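Working notes, beginning with the structure itself.
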Amino acid sequence: MELAQIGIKAGLVVIIFAISLVMAMYSTYAERKVAAFLQDRVGPNRAGKWGILQPLADGGKMFMKEEIIPTRASGLLFIVGPALAIMTACIGSAVIPWGQKIVAGNTIIDLQVTDINVGILYIFGVVSLGVYGIMIGGWASNNKYSLLGAIRAASQNISYEISMGLSIIALLMVTGTLSLKEIAEQQHSWHWNVLYQPLGFLLFLVCAFAETNRSPFDLPECETELVGGYHTEYSSMKLGFYLFAEYINMFISSAVMATLYFGGYNYPGMSWMAGHMAVWMPHAAPVIVPLIGTAVLFAKIVLFIFFFMWVRWTIPRFRYDQLMDLGWKILIPLAITNIVLTGAWITVHDKFFK
Amino acid sequence: MNTLILISVLPILLLYLGLYKAKNALLPVTIIGLLAALGLVVAKWNTVAEPIYHGMMQFDRFAIAFSAITILSTILILMLSKDYFERISSHVAEYYAIILFSLAGIVVMVSYHNLTMLFIGIEIMSVSLYILAGIKKNDFASNEAALKYFLMGAFSTGFLLFGITLIYGATGSFDLDVIRDWALTHTSKTVDPMFYTGIMLMIVGLCFKVGAAPFHFWTPDVYEGSPTLITAFMSTVVKTAGFAAFLRLFSTCFASVSDFWMPTLMAITILTLCIGNITALYQQSFKRMLAFSSISHAGYLLFAIVALGVNSGNSVFIYATAYSVASIIAFAVLILVQQQSGNDNFESFNGLGKSNPFLAFVLTVAMLSLAGIPLTAGFIGKFFMFSAAVAKLQIWMVVIAVINAIISIFYYFRVIVAMYFRSADRTEMVIPGYFNVVLALSAIITIIIGIYPSVIANLI
Amino acid sequence: MTVSILLFLPLLAALILVFVKNEQAKYAALFFAVAELALSVYYLVNFVPDASVQFAIDASWIPQFGIYFSAGIDGINIIPVMLTTLLVPIIILTTFKHDQPRANAFYALMLFMQTGLLVVFTALDGFLFYVGWEAALIPIYFICALWGGENRIKVTLKFFIYTFAGSLFMLVALIYLYTQNPNKTFDIHELYGLTLSLKAQGWLFLAFFLAFAIKMPIFPFHTWQPDTYTEAPSGGTMMLSGIMLKMGIYGAIRWMIPIAPQGFNKFYPYAITLAVIGIVYASIIAFRQKDGKRLVAYSSIAHVGLIAAAIFAWNVNGNQGAMIQMLNHGINVVGLFFVWDIISRKMNTRDLNQLGGIAKNSPWFAVSFLIITLGTVALPLTNGFIGEFLLLNGVYYYNVRLAIVAGTTIILGGVYMLRMYKNVMQGPTNDLTITFTDITGSERVVMVIICALIIIIGIYPQPILHLSEAAVTELTATVNAKMSLLGSNFKP
Amino acid sequence: MEAQSSAINYLPIVIQMLVAVGFAVGTMFATHYLGPKRKTKDKLTPFESGVEVVGNARTPISIKYFLVAILFVLFDVEVIFMYPWAVNFREMGVEGLVEMFIFMATLLLGFIYILKKKALDWD
Amino acid sequence: MESFFNTVRVVPLNHYIMLSCILFSIGVIGVLIRRNAIVIFMSVELMLNAVNLLLAVFSVYRGDASGQVFVFFIMALAAAEVAIGLAIIVMIYRNTSSIDTNVLNKLKW
């Protein structure tokens with residue numbers, strides 16, 4: 001790998017970074033708009049047209065606010081917490097394939113930061129790192145609400161990680177690889193995994209909600225019980241980091257779900273499209289076609305994000321024991337059943353229908 | 001192999017029995033299951049041993065003999081556990097299950113044919129023991145014993161693993177045969193330094209596990225802190241298994257490079273003997289004395305590995321058998337005495353000879369056996385060890401061992417003196433039937449082996 | 001008819017005795033002991049006095065170590081065997097007047113010990129020899145520690161540790177011999193045949209010497225003995241002094257010297273010197289003893305020293321003397337200890353100064369005591385004479401000056417024994433000894449037997465000497481041959 | 001499995017981490033200097049809904065959370081074992097399937113056990 | 001720059017060995033000098049992870065999967081140890097409200 005490719009990669013990294021930040025910012029905006037829509041309100045409409053600049057305003061505000069570090073908090077950890085949260089959120093996107101190879105002249109640009117053969121495990125690692133940020137922050141701020149929130153967050157995340165892993169295993173049995181790139185390739189045109197793994201997808205979806213602490217699993221920050229939850233004591237950009245982290249996680253998990261189950265950048269009739277484009281505009285085609293795929297992927301992501309918000313504003317919050325029971329006593333057995341069924345089905349299928 | 005499966009399924013069965021409140025079924029089911037396992041082992045005796053499961057395990061005669069003796073000792077110990085665990089807490093089923101789990105680990109330890117299995121066996125055993133050491137939740141000594149045992153055990157596991165890793169790095173395999181061939185083909189010139197470092201680290205790790213000096217310091221505390229029954233288990237079954245694993249590894253793999261690790265092991269042996277004996281002299285508590293004496297017995301057992309030969313397996317087997325049986329007697333009597341007098345000092349044995357002649361007699365037999373007096377199993381064990389060492393012309397080591405044997409008389413006879421020659425007015429204590437069976441059986445075994453060792457002497 | 005019956009009858013008897021009630025215990029014990037004696041007499045009658053091993057048993061015991069249960073009677077061990085079977089009933093008889101607590105255990109241990117002793121004397125396999133050695137040790141330990149005097153615990157433990165330590169080194173030596181033996185057995189005759197390096201033989205000799213010297217005991221290793229003899233119950237003391245210390249002498253003749261002749265050749269001057277020093281030392285100490293039992297203990301050290309010296313001189317006369325003196329010393333010392341047992345039982349003291357004038361109103365006792373004393377001081381026509389004569393003769397062959405020094409044992413022995421007799425029996429009776437009543441019943445029987453033996457052997461020792469002559473001559477010759485063959489500087 | 005990915009494939013991830021760290025740290029400093037600083041005592045006390053602060057926040061909390069943590073560790077590790085199997089599931093065929101089912105059955109036994117032991121009931 | 005890439009492409013075996021040796025030593029020292037049970041325990045885990053790293057490296061360099069399988073087992077048993085260890089430590093904490101190993105002096109070392 002030469003310097004040039006390193007440069008390209010670096011550029012890609014920066015772009016994706018920017019995109020995910022922007023997505024996060026605008027999903028805050030979207031959140032409020034969706035909430036307004038579902039509650040038959042107008043929502044933010046002052047900053048810019050339709051309040052389009054609202055996120056910028058919020059961001060600016062975040063920057064300008066006074067940062068408060070309570071005296072009884074343990075200083076360093078208090079800062080490390082949110083930083084860790086945002087960092088783990090940001091590096092998750094490294095292994096997601098955003099599209100096929102772009103062939104510009106003689107340089108091949110791979111629309112993926114890197115294709116490592118353990119992509120899924122990487123995602124898992126990063127996701128489970130995320131809880132550290134919350135845990136450290138909550139513990140460091142030396143506040144009962146924060147501590148409770150953090151602990152809730154921690155045990156909730158770990159509880160749902162198990163079933164998440166189990167649900168993924170069923171998927172791996174189908175795909176037979178851990179590399180997200182290959183998984184995406186396998187789902188050419190309409191062969192999306194969700195068709196083979198409906199139950200698995202549902203499980204994964206629920207777990208994704210829980211992992212991102214989104215409602216109805218947002219007990220760590222449920223204001224009725226814990227004021228602000230783990231970020232009670234935080235202000236200015238540190239608070240901003242936590243919020244950002246949540247939205248970026250939402251974005252990443254949507255991307256993962258789209259890639260794993262909904263074909264990533266694949267869409268029905270993509271080969272038809274590719275063929276016609278090649279005839280139609282032979283020079284631009286190698287650049288355009290992948291970008292269309294990327295657009296499709298982003299469309300899916302946006303849909304998922306919308307789904308997240310939709311659920312948030314429609315479904316009431318769980319009680320904590322219900323949450324745990326769901327995680328342990330329902331999802332895990334379901335996931336194992338799913339594995340068993342998948343295994344049996346594939347074996348039978350390979351034996352007799354091939 | 002069926003043995004292993006049976007021993008692994010049995011505890012799960014027990015757990016569920018415990019769930020469904022079948023308290024009284026626990027002990028019988030355990031004993032019957034173990035007897036069945038014993039039968040399965042012995043049934044394998046005349047089958048030719050092949051490495052099974054991709055060379056993971058090998059149930060050769062060595063493995064069978066040691067599995068048998070460990071299972072047997074476990075049965076004896078569990079028979080002592082009647083009404084013992086109930087006094088500690090209500091999770092009786094769990095305790096039986098955990099003991100059996102560790103027994104499963106032990107069976108793996110004595111029959112491994114691959115370092116992976118060695119590690120897994122040791123860990124299954126140890127992890128169970130960490131729990132068992134601390135089952136007296138509110139007894140601080142028990143907690144402390146558990147924590148110390150846990151930290152030291154994990155620490156030693158680290159060394160063991162690093163050793164295994166380096167050996168893997170040098171030889172490229174965990175399989176004992178491959179390692180042996182590698183060691184054979186590489187002379188001390190061409191051999192990889194990683195290999196030697198690996199051996200050293202494994203010695204450290206294993207010595208930690210078997211409680212050999214200078215890695216013994218956790219032993220007395222743990223043995224003293226743990227509940228007596230568990231201590232009995234640790235100092236008999238676990239020690240036996242540890243040495244079986246130790247010997248299996250070194251006699252299979254590292255025999256050809258013995259001139260490298262022999263000096264280290266010799267030093268460790270001598271150190272273990274002396275430290276164990278001399279510290280045992282100064283103990284006031286019978287239990288703690290047994291702990292230290294177990295260290296010194298570890299020293300005697302190390303003789304077999306130092307004087308590695310065709311007979312080493314036999315020697316360790318006989319010595320371990322004799323030692324286990326005798327210790328079981330000692331701990332059984334200790335349990336009874338503790339129940340009566342509340343403490344485990346030598347004084348609490350005073351006058352036992354008058355109040356409970358039978359108890360005193362079997363304990364005397366046990367002590368004589370531990371001290372290595374002829375006509376008891378202990379003497380045969382020592383005889384085997386010494387003759388192996390003398391055959392290797394390590395006479396000076398034997399002389400040191402002999403001196404230690406003489407020292408050991410002092411503390412072993414203390415309890416005999418207390419029982420017979422020091423009078424104290426004590427009421428005769430009632431001995432449960434299970435205890436009588438165990439004590440009588442163990443004493444008979446001890447004497448039979450002592451008089452006619454051929455019954456087990458040429459097994460392996 | 002092999003020797004095994006002789007060996008296992010007492011063991012069986014011991015097991016039976018455990019279940020006998022305390023009152024009948026002594027009668028049962030006596031019965032079995034006499035039966036054993038009768039049995040041994042049968043062996044004696046059928047014994048052909050030559051160098052061969054007879055009534056041999058040779059059963060495989062621990063095959064993979066080449067260990068055999070091989071025992072037999074020959075000229076070397078016939079006398080110790082007879083001694084054992086003869087003394088045990090006498091000793092049991094001496095204890096009749098005591099009412100021991102837990103008597104059945106006491107006699108069971110005693111008979112168990114008899115088995116051990118017989119095994120030691122008849123064993124022809126090193127391992128068996130060692131096992132018997134320890135098997136004889138355990139019961140005597142318990143006898144002394146259970147029925148002994150005040151500070152018995154310390155003393156007996158000391159005794160046990162001493163002997164056990166010695167025997168362990170002997171074990172190491174035996175194992176070494178086993179490893180050196182090409183066909184890997186402990187068989188004594190093969191061990192005789194081994195050709196070992198001088199160094200090895202030296203070490204072997206020292207290892208054996210430690211064990212046997214402690215047992216006999218020879219001078220620097222004797223410190224356990226007086227205390228133990230004093231503390232032990234009279235029965236135990238008799239077993240110890242009468243029979244057990246013969247294990248050491250016998251072991252020296254049978255095992256130590258023939259197996260390591262060259263080592264012996266290297267060290268025997270020191271050994272003899274130690275023995276002779278022991279004689280003089282013990283005699284001088286015996287002088288100054290107030291406690292009669294202790295005095296006897298020291299006298300026994302002196303006599304045994306003479307026997308040891310004679311053995312280390314290693315010639316036929318000396319060894320024959322040792323043989324017969326084993327028997328005599330056994331009889332005499334048992335008699336003496338019995339005397340002191342009676343006195344201390346009747347007078348509750350053993351202090352020579354408090355006694356005196358007993359002779360007046362107890363003729364039986366006086367006479368028998370006198371005979372025993374004379375036997376001990378080796379007056380002609382008593383058993384002691386012939387033995388000590390042969391012993392001194394043997395030492396004399398080796399070195400005249402040493403013989404003279406050793407000879408003082410007779411003079412000194414005479415002096416302190418007669419002084420003891422005088423202090424106890426003659427002189428005016430004091431208010432304590434006036435209460436002394438003459439011996440009766442079992443005591444009288446014992447005394448008669450002992451005195452009879454003393455006189456008979458003293459007058460006509462020939463048959464006894466004849467028993468061992470051939471074997472001793474051969475053994476001595478072979479060892480001497482080996483030593484000269486090894487080019488040693490050995491004077492005959 | 002597919003080709004080993006060498007260390008070089010992880011380089012971009014390092015780059016991304018660097019970027020992330022840079023972003024986080026940079027922003028931290030920025031806000032630190034941008035924001036106003038008007039600290040008062042009340043601001044710096046832990047927020048307990050305006051009530052006076054009671055005791056220390058670092059108090060032992062319900063053992064249940066701890067139990068959940070331990071169970072998570074155990075089960076998650078068991079899940080690790082399934083990944084290689086799942087990926088090579090087709091190669092291993094029926095035999096592998098059966099073995100893994102035995103494995104999962106054992107896991108389930110343990111799972112049912114802890115359920116019966118009420119280790120996961122929150123009340 | 002090129003050399004850097006080459007190094008990254010194939011890191012020499014010795015680097016890994018050294019690294020894991022260093023990690024292992026850190027763990028050992030931590031166990032020996034720290035007094036807080038949790039920290040000791042973390043040091044032990046560090047030792048185990050050094051071993052894992054080395055195993056993985058060896059198995060990659062030898063193209064032999066068994067090393068990585070071993071890593072799995074180490075992980076599993078380390079997890080079991082974590083469970084037990086934390087349980088024990090919590091038990092101690094509830095009895096003594098301290099996890100400093102210096103309070104564990106009822107039995108002398």
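The first residue you see is number 1, and the count goes up from there.
Glycine is treated like the rest: Cβ placed from N, Cα and C.
Quantities reported herein were computed from a predicted structural model and do not represent experimental measurements.
The transmembrane segment annotation in TrEMBL covers C:27-45 (among others).
The transmembrane segment annotation in TrEMBL covers C:65-93 (among others).
According to TrEMBL, the feature transmembrane segment maps to C:105-124 (among others).
What TrEMBL records for C:125-409 is domain 'NADH:quinone oxidoreductase/Mrp antiporter transmembrane'.
Sequence-distant neighbours of the transmembrane segment (C:130-147) (same chain, 6+ residues past either end, Cβ-Cβ under 8 Å): 100-102, 105-106, 109-110, 112-113, 115-120, 123, 153, 155-157, 159-160, 163-164, 167, 170-171, 174, 211, 228, 231-233, 235-236, 239-240, 244, 247, 251. The feature transmembrane segment is assigned by TrEMBL to C:130-147 (among others).
Annotation source TrEMBL lists transmembrane segment at C:159-179 (among others). For the transmembrane segment (C:159-179), the list of distant contacts is 65-66, 126-127, 129-130, 133-134, 137, 141, 144, 185-186, 191, 194, 200, 203-204, 207-208, 210-215, 221, 224-225, 227-228, 259: same-chain residues at least six beyond its ends, Cβ to Cβ under 8 Å.
Positions annotated as transmembrane segment by TrEMBL: C:191-214 (among others).
Marked as transmembrane segment by TrEMBL: C:235-255 (among others).
Packing against the transmembrane segment (C:267-288) from elsewhere in the chain are residues 202, 205-206, 209, 213, 218-220, 222, 295, 298-299, 301-302, 304-306, 308-309, 312-314, 395, 398-399, 402, 405-406, 408-409, 412-413, 415-416, 419: each is 6 or more residues past its ends and has a CB under 8 Å from a CB in it. Taken from TrEMBL, the feature transmembrane segment applies to C:267-288 (among others).
Annotation source TrEMBL lists transmembrane segment at C:295-316 (among others).
According to TrEMBL, the feature transmembrane segment maps to C:364-386 (among others). Beyond its flanks by at least six residues, the transmembrane segment (C:364-386) meets 299, 303, 321, 324-325, 327-328, 331-333, 335-336, 339, 342, 358, 410, 413-414, 417-418, 420-421, 424-425, 436, 438-439, 444, 447-448, 450-451, 453-455, 457-459, 461, 465 of its own chain at Cβ-Cβ distances under 8 Å.
Per TrEMBL, the feature transmembrane segment maps to C:398-418 (among others).
Taken from TrEMBL, the feature transmembrane segment covers C:445-465 (among others).
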Non-local residues, at least 6 beyond the ends, that sit with Cβ under 8 Å of the transmembrane segment (C:105-124):
3, 6-8, 10-11, 13-15, 17-18, 25-26, 28-29, 32-33, 36, 53, 56, 58, 70-73, 77, 80-81, 84-85, 88, 91-92, 95, 131-140, 142-143, 146-147, 187-189, 235, 239, 243-244, 247, 250-251
Using a Cβ cut-off of under 8 Å, list the residues of the same chain at least 6 residues beyond the transmembrane segment (C:398-418) that approach it.
272-273, 276, 279-280, 283-284, 286-287, 289, 295, 299, 302-303, 305-306, 309, 312-315, 318, 373, 376-378, 388, 391-392, 491
Cβ pairs under 8 Å between the transmembrane segment (C:235-255) and the transmembrane segment (C:191-214), at least three:
yes
Long-range Cβ neighbours of the transmembrane segment (C:445-465) (under 8 Å; 6 or more residues past either end):
79, 90, 93-94, 320, 323-324, 327-328, 331-332, 334-335, 338, 364-365, 367-368, 371-372, 375, 380-386, 439
